[in-house]
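Step one of this worksheet: look at the structure below.
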Amino acid sequence: MPAYRSRTTTHGRNMAGARGLWRATGMKDSDFGKPIIAVVNSFTQFVPGHVHLKDLGQLVAREIEAAGGVAKEFNTIAVDDGIAMGHDGMLYSLPSRELIADSVEYMVNAHCADAMVCISNCDKITPGMLMASLRLNIPTVFVSGGPMEAGKVVLHGKTHALDLVDAMVAAADEKISDEDVQTIERSACPTCGSCSGMFTANSMNCLTEALGLSLPGNGSTLATHADRKRLFVEAGHLIVDLARRYYEQDDIKALPRTIASKQAFENAMALDIAMGGSTNTVLHILAAAHEGEIDFTMADIDALSRRVPCLSKVAPAKSDVHMEDVHRAGGIMSILGELDKGGLLNRNCPTVHAETLGDAIDRWDITRTTSETVRNFYRAAPGGIPTQVAFSQEARWDELDTDRQNGVIRSVEHPFSRDGGLAVLKGNLAVDGCIVKTAGVDESILKFSGPARVFESQDASVKAILANEVKAGDVVVIRYEGPKGGPGMQEMLYPTSYLKSKGLGKACALITDGRFSGGTSGLSIGHASPEAANGGTIGLVREGDMIDIDIPNRTISLRVDEAELAARRADQDAKGWHPAEVRKRNVTTALKAYAAFATSADRGAVRDLNAR
């Protein structure tokens, strides 16, 4: 039977000093011997997805103590990618994932916590905590802050559903008046919560359901809705039960590495492909698998992308559909239910809340459940009142969306497309692969060829796009923006948004060794591996080179013969693999430390001590 980790600091005469310190935090004699549960919060006033989390850690803590555990809360950092976007702040976003994982490890191991509840929400916080949970392999439950309500605005007599990306696109569109831009800006983000579309934050919170590490509804229940409180209350009780199962009954099914097995990662990736999740999820899933020593690679993602159809399209792929609409259609359990009906899911994976994922789907899929409680849960609707307060409204939809032929969630027989929402492309331009969110690509440009417009930075590309120097038919290439070359692998949301604002969203392609925001749509191909700084072919592209993209056949090619490429490579080796133009970029010691050990995106941009 495994011993409680916390007894290292709470038992024995030689731990008198440690017990004295524990007592100073409020512990009593009766607490020594109870499981010590770390409540890993990520409250910050910088991020709308986290601004409402301040009191929720203590809500969970009270439930832990009511269930017989001892709760100890600490905080991690949290970067808002939207606020950090478009300037040097974005260099810090992806590296913050590693810092979050490390900080959780440091706190939990330094104080010998037995288990943890991870209160996450936005882009790098859920992945960082997920990496930590698999690294530590102690009982863990995830409960996120929940998605924001979609914005609503009336412009020129028409009602529009809005999100953050709409504000960015409008601001760059010279045809839209200052007054309308301001109206859109003020309406785009009306409440607390993670941005309202199927962007990175919501994608990752949905994937925790498929991995079996969070409760049903974690990915789709609105931050403002009273129903979300139940997830936090249940998480507090559940984690104590999981801790006791592992430490007192030697039940390894309470551990993250048993729950989030390779089969569970396949489920999560199948969900990601079916719902057209953010391309960033590929990075984070690969990184989490690495931490859990799970053999899950780009090859597995490629194989899944060839057989899993696209069953849901949410903003940015479908601008009038947001997470509140996904929830009304049954949320993640109903998407998993459709995959299950199509034989595309591993039903026997354990979860933190049910014996198997299959059992959970049978109870929580609104098309098969007999529970009115479950059906009422998925009727939770937006309140339509701007607020930063969690659980502040109780609105309900009159009816659920159970239309699997034309609704927000489709059946395998009636998909949005037979090909899934994400695809891995390979070719001489990306030998180790690159990623495209096919759910956001117009069918007319699934095959695309054009001349390269080469930029050594995101900033240079933005300047050219806004100056109308990029034309229809061009392939914009942005390089030296990978994990090492950036450093930090910036998101390219501004270039893609500005292409859209110029009417080029369906007329151009963009290829980068950087990455994209979950808010990106269009023919946007990221994570080109190896990255330019690691000698990738993207570093050899020259202005005007023809590039061929074939999504149906999963290829991406630079139309340059091998002899010419070899000559260019020899020339670049002599010069060194760095941008041809000097970039005004403040690369601090912290960023240099990340760059020194960062791998390319095909490995999840994780650190490798042998990378140097």
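Cβ atoms are placed via backbone N, Cα and C, with glycine included.
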Exercise. Of Asp80, Asp81, Asp173, which one shares the Mg(2+) site with Asp123, Lys124, Glu491 in Swiss-Prot?
Worked result: Asp81
For this session: With H, G and I counted as helix, E and B as strand and the rest as coil, say where DSSP puts Asp81 (Mg(2+) binding site).
Result: helix
For this session: In whole Å, note down how far the CA of Ser517 (active site, proton acceptor) lies from the CA of Asp123 (Mg(2+) binding site).
Result: 9
Problem set entry | Integer Cα-Cα distance in angstrom, Ser517 (active site, proton acceptor) to Cys122 ([2Fe-2S] cluster binding site) | 12
Exercise. Once the DSSP letters are reduced so that anything not helix or strand counts as coil, what is Glu491 (Mg(2+) binding site)?
Worked result: strand
Seminar exercise, completed: Looking at the binding-site residues Asp81, Asp123, Glu491, the one with the fewest other Cβ atoms inside 10 Å is Asp81
Exercise. About how far apart, in whole Å, are the alpha carbons (Cα) of Asp81 (Mg(2+) binding site) and Cys122 ([2Fe-2S] cluster binding site)?
Worked result: 9
Seminar exercise, completed: Same chain, |i - j| six or more, Cβ under 8 Å of Cys195 ([2Fe-2S] cluster binding site); the result in sequence order is Pro48, Gly49, Gly82, Pro147, Met148, Asp163, Leu164, Cys189, Ala201, Asn202, Gly518, Gly519
Exercise. List, in sequence order, the same-chain residues at least six positions removed whose CB sits under 8 Å from that of Lys124 (Mg(2+) binding site)?
Worked result: Ala78, Val79, Asp81, Ser93, Leu94, Ser96, Arg97, Ile100
